[in-house]
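I have placed the structure first, in the form of structure tokens, so that the comments after it can refer back to it.
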Amino acid sequence: MYQVYMVVMEDDPVISYKVNRKHAMRGEEAQKYKRVATTKHDSFLDSFLPMGSYKKLYSYTHLINGFALHAESEKTVRILSRAKGVRLIQEDIKMAKMTTHTPNYIGASGVWPLLGGAENSGDGVVIGMIDTGIDPKNPSFVSSNMSSQAKSPPASFKGMCHAGNRFPPDSCGGKIVGARWFARAAQATGEFNATIHYASPYDSDGHGSHTASIAAGNFHTPVISRGYSFGYASGMAPGARLSIYKAAYPFGGYMSDVIAAVDQAVEDGVDVISLSMAPSSVSSGPASFLNLLEAQLLLATKAGVSVVQAVGNGGPDENTVVSFSPWILSVAASTTDRKYRKSIIIGNGKAFSCGTLSAPTPGEIMYPLAWADDVIVENSTDEGSIKCLDPRIFIKPLVQGKVIICMFDSSDYYDDVSLASIIDTIQKIGAAGVIVTDRSTHDVDIEFEPTFPTTVPSAIVLKGSDMRALMQYYNNNTVRDEDGNVLSFGATARILEGRRAAYTGEAPVVADYSSRGPDVENSLMQPAEVLKPNVMAPGHLIWGAWSPTSSALREIHGENYGLLSGTSMAAPHVAGVAALIKQRHPTWSPAMIMSAIMTSADATDRSGWPLMARGDEGSLSPATPFDMGAGAVNAARALDPGLVFDAGYRDHLQFLCAVPGVDEAAVLRAVGAPCPPRPRAGAGVVRWCSDLNSPSVTVASLVGSRRVDRRVTSVGAHNETYMAYVRAPEGVAVRVSPAEFSIAPGAARMLRIVLNTTAPGNAFSFGEVVLRGDRKHRVRIPLAVYPAAALSR
């Protein structure tokens, strides 16, 4: 059977041809090189393959050097794979809008062509995943011999692979370039059990495999769960490598183990650290920024490593962030526009929108409907949803071939009732399907809608009004005797397909569980002059790799992929974007990468309306920087931000020394360095934490006036003129100078932002400064200011 293959050669393409050259080829010289490369492709194929056994479809010469051919057998691939000069061979893939989608949603897939194609995006960059380990046999991490990842890892990476239980020596070498595990503290407490938790980098939990696949999982990997194909998964940086540092377990983890992992990761030479873990509360001490992990992560950034961390799952309450420091890129979680539509149709023609990812009832026929209470043995005394958890109490002749209505009490559903157990019961009793409803006729919170695949046709009714209509129809069509026993079942229903995704194009919404700012300086919960979260990325209902041995979620036990929610899922999206930026701009500092991601983020939808945040009971309100940071990550713009705000180790030391209540001795203890000497009186004297050169401005107590200086550096390719546009926070006047400036590539420019309280309030208010360039760059600086008092004149 004929198949199409793409072959990439070791020769340079036009854009990277560097032999005896200082500049890229252009014009006729480039065209000549292109013709020569095409001729070499033809000669190469003629010398290795029989005439008529293939047809060359394309020569690739500009971004990659290679070709596509239509070949009659896999023997062709074997011949070419052994040929000198071939770098990789990849079988062509069908393109369809069925992927796990978030690379498209945040713009990552739009920049992959700039990085040499999907499989090369992130190449040369190593992401250190500090999590629960990894399942090396998951398709998202397995590399074929023809993959671009079959070549050696970056020369600067010095990591090792520690083999062990379920983690054989060949686990490393392709996508995974290093793997270690850290559990000495967990062993000391007695919580670590080598039989259950594995004394190896193997992921016994599933969480680490999930986050790793989001950051850098293989391109276009089929996502199959419960025998159904849900599309294809790709990491944000499919070409990046992974180094695994297992330091967390189903029971959690210990900071000492995590610190050991961070230490090793930096020594190994990772470029990015993704950390979907954090302390459960603010540590005691003079400042949240000085706990050992925060201080160690500062030293990691000093070594040039970008650190990305989940902001926490304590929302929608304020002051719930658990990622504190300005050198860490802290990520909030949002929804995406992917929706799984499921509905049921009842015998009177009404249709109800429902949850769950399940197959439909077979055929297009209606099935008899029976309430669980009507088909159980009379002497059963079980109450509530327990009926549907015990298959022994059902009268099998009455349930076989019927769709069963199971009711739960909303007060105990998420604590005591497992939908997986209900599905198991329905399967055992031979019913055709199940409809799950809330006995109290309340709406089911859509944020907690169960979304895992089931093989049994199932649906959960989300709206109380639909549940009432369903039961009214059922009762009207069910004949009972004077004692209430059913004489005949006349109601019918049909469960429709619920595993196909629809993409609505709607803007992201901050998930209700995503932790909120303001950031806090200490355990007294005093607000800090640091914006947290920094940015928002998809975190709600995200497909990712899973460990089949994990018992963390019974619903997906035995599966290779799962659908999870949390800021744990959001952070690796941004870690993957950071890897793309690092590949594109290898000399950029962690602060420059953070700045690029923040200043290019989206704070509005495509129509210009503010992004929204979900609060208690599903309420929606305009999102503030304390909900979403600078906004929703936009990978395409982050690679070309125009201007960046850089800050180094000395800048961060000056920040620490400006934190109220922190003295030089505390800084010296935490990071091993004293406060830098203050410059002479005048411009540049650091007096406030808000003076740190960050891509945001947060003032926790504006009394009268404050001057905030920022230094921008042009990373654009051309001279550009910027104009400053201000949307002032309520109760605050904002002046930016200069209001217009021109800047050359590589040049730096000082900006002064002066804030004045005009109307004191009792809460933070929010605004922005937007620098718009005449070459299409847009640099957005969020403002979060508490106007405490105005100075009397």
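Note: Cβ is positioned from N, Cα and C throughout, glycine not excepted.
Please treat TrEMBL annotations as automatic predictions, because they have not gone through curation.
As recorded in TrEMBL:
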ACT_SITE  Asp131  active site, charge relay system
ACT_SITE  His207  active site, charge relay system
ACT_SITE  Ser568  active site, charge relay system
DOMAIN    4-95  domain 'Inhibitor I9'
DOMAIN    122-605  domain 'Peptidase S8/S53'
DOMAIN    691-785  domain 'Subtilisin-like protease fibronectin type-III'
Seminar exercise, completed: Restricted to the domain 'Subtilisin-like protease fibronectin type-III' (691-785), the mean pLDDT of the model is 96
For this session: For His207 (active site, charge relay system), list the number of other Cβ atoms lying within 10 Å of its Cβ atom.
Result: 28
Seminar exercise, completed: Checked against DSSP, the composition of the domain 'Subtilisin-like protease fibronectin type-III' (691-785) is 1 helix, 62 strand, 32 coil
